[in-house]
Amino acid sequence: MTQTPDPAATTHRPVLVVDFGAQYAQLIARRVREANVYSEIVPHTASVADLLAKDPAAIILSGGPSSVYAAGAPFVDPALFEAGVPVLGICYGFQAMAAALGGTVAQTGQREYGGTAVAVTSAGTVLSGSPDAQTVWMSHGDAVHAAPEGFEVLATSAGSPVAAFEDRARRLYGVQWHPEVKHSPLGQKALENFLYQGAGLSPDWNAGNVVAEQVDKIRAQVGDARVICGLSGGVDSSVAAALVQKAVGSQLTCVFVDHGLLRSGEAEQVEKDFVAATGVQLKVVDARERFLHALAGHTDPETKRKIIGREFIRVFEQAAREVVAEAGEGEEVKFLVQGTLYPDVVESGGGEGAANIKSHHNVGGLPDDLQFDLVEPLRTLFKDEVRAVGLELGVPEGIVWRQPFPGPGLGIRIIGEVTAERLDILRAADVIAREELTRAGLDRDIWQCPVVLLADVRSVGVQGDGRTYGHPVVLRPVSSEDAMTADWTRLPYDVLATISTRITNEVPEVNRVVLDVTSKPPGTIEWE
Ligand SMILES: Nc1ncnc2c1ncn2[C@@H]1O[C@H](COP(=O)(O)OP(=O)(O)OP(=O)(O)O)[C@@H](O)[C@H]1O
Ligand SMILES: O=c1[nH]c(=O)c2[nH+]cn([C@@H]3O[C@H](COP(=O)(O)O)[C@@H](O)[C@H]3O)c2[nH]1
Ligand SMILES: NC(=O)CC[C@H](N)C(=O)O
Ligand SMILES: [Mg+2]
């Protein structure tokens, strides 16, 4: 088969965000992508050679908790600034750049946290189009007191004698504040100034060329081999499947695992929505007994996650053998497609240097003896980017705008041991919450609303003049941009009241409904 090269296929050199332990490295990468420039995060432990091996179009040094003059502080090799790659330093990254090039950085005694006024003395490149006075978001106790030789000072604030600088000839730029947070109203403008003018990049990274690039990559990776795709009916796997289908068509079989941890109606929906719209080949596996059996007796969240991750793979292996047998050919299935996203990777501690928060079943929860090669075309994307790719591919809107539902499903929403009876209770409560949120027209306003069963907790209630001793369920409505941070959604009281009344009336084992009012951080979205 010959393939015509796709004219839209371009390979985008990344803007690397070097993470110095910032709260906001993720956000910097997002903002760069919002400017239609491709970006990736790398740990500060990467050497200059490692960074240059990625052929970066530009580099951004993030903020971080350290002080450049302290022993053991992460260090920037001055060789980085000799490589001819445009660099923007932010906060710690700005201070580290200053220190590496011979400027002075010291404590000021005047810390600046939050909204801070800066005076722009010369707009230069990064601040071009800025007013002389603006408010920016600061979070620091150290400051650059003298810029290195060759740099022009662009701005100052009460606590930062040098609040921004640049060396146009060497294309090196820095700001003390955080342009990536929305509390810096002109922050995005400053980032775009750096990208477009400072680094000379074009805003040409978008859903259309993600599709073209990924289709090429998938073809190159799988050749004419047979592929299976774990399809949950969720956004990520549907978009991943659509990409692979576009790339290698009939070599693909999707596998939907009914692990018994699904919500009511889930299995039917996959067939109805996705298969009907795309005509993809689908294999449905009933693995309910298998998962329940494997989970019996386990209460530790990480153990549960690892068991689920392992069982998923065992089921995919079995399905792969069946696909081969059904095709009547000997060649085995080598590739497994998963709809893994960037946040799944980062949270599983795979973001190089990031802590393991929880093992996502499809990343940190994978067994060590995995036989498949993974095809993960969405591995560097955020959810909103995946949605844009899905729309570009013509995935039905009903799927593209679905709220996320985790692969381990209700298994990580039952706090305690997972049993068939507890699953029935939680499913009954969950469907009520979903119905009422949909009825109130709130589906697009919230990111998702886990319903959590506190299976080992009981409380006393009174119903029909009698005493009850039932379980509480927790409603966890959240709003988010990308699941990395979230806030609890202020749902209307009357909607909450209806959900509470219906759950306690219709689910006999539940006699109390509580609302989780914790943002992320400190809470995660799911309870386990
Ligand atoms: N029931 C399932 N059957 C087969 N594969 C699954 C199932 N649940 C999850 N997976 C696989 O695990 C991956 C990660 O799950 P995850 O829930 O993050 O994504 P999703 O279900 O595709 O999308 P969403 O985040 O919108 O729920 C999926 O993309 C899919 O490949
Ligand atoms: O496919 C998945 N496999 C998992 O193991 C998993 N754990 C959490 N999630 C989803 O990820 C987002 C962030 O969740 P947390 O704040 O709980 O980490 C939320 O959208 C969660 O629903 C998962 N999705
Ligand atoms: N947010 C930051 O990057 C802080 C940098 C440095 N730790 C300071 O306090 O000045
Ligand atoms: Mg899902």
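A Cβ is built for glycine as well, from the same backbone N, Cα and C atoms used for every other residue.
Listed in TrEMBL for this protein:
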- Cys91: active site, nucleophile (ACT_SITE)
- His178: active site (ACT_SITE)
- Glu180: active site (ACT_SITE)
- 205-402: domain 'GMPS ATP-PPase' (DOMAIN)
- Ser232, Gly233, Gly234, Val235, Asp236, Ser237, Ser238: ATP binding site (BINDING)
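Here the features listed in TrEMBL are placed on the structure.
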residue	record	DSSP (3 states)
Cys91	active site, nucleophile	coil
His178	active site	coil
Ser232	ATP binding site	coil
Ser237	ATP binding site	helix
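Counted within 10 Å of its Cβ, the other Cβ atoms near His178 (active site) come to 24, all protein chains included.
Contacts of Gly234 (ATP binding site) defined by a Cβ separation under 8 A and a same-chain sequence distance of 6+ are given as Gly339, Ile399, Arg402, Pro404, Phe405, in order along the sequence. Counting neighbouring Cβ atoms within 10 Å of each of the recorded positions (Glu180, Asp236), the lowest count belongs to Asp236. In this view, Ser238 (ATP binding site) is surrounded by 29 other Cβ atoms within 10 Å of its Cβ, with every protein chain counted.
The recorded positions near ligand 1, defined by a Cβ under 6 Å from one of its atoms, are Ser232, chosen from Cys91, His178, Glu180, Ser232, Gly233. Ligand 3 lies within reach of Cys91 from the recorded positions Cys91, Ser232, Val235, Asp236, Ser238, judged by a C-beta closer than 6 angstroms to any of its atoms. Checked against Ser237 (ATP binding site) by C-alpha proximity, the active-site residues Cys91, His178, Glu180 yield Glu180 as the nearest. Within 8 Å of the Cβ centroid of the ATP site, not counting the listed residues Ser232, Gly233, Gly234, Val235, Asp236, Ser237, Ser238, the chain contributes Leu231, Val239, Ala240, Gly339, Ile399, Arg402.
Listed recorded positions: Cys91, Ser232, Gly234, Val235. Those with a CB atom under 6 Å from ligand 4: Ser232, Gly234. Here the Cβ of Gly233 (ATP binding site) has 22 other Cβ atoms within 10 Å, regardless of which shown protein chain they belong to.
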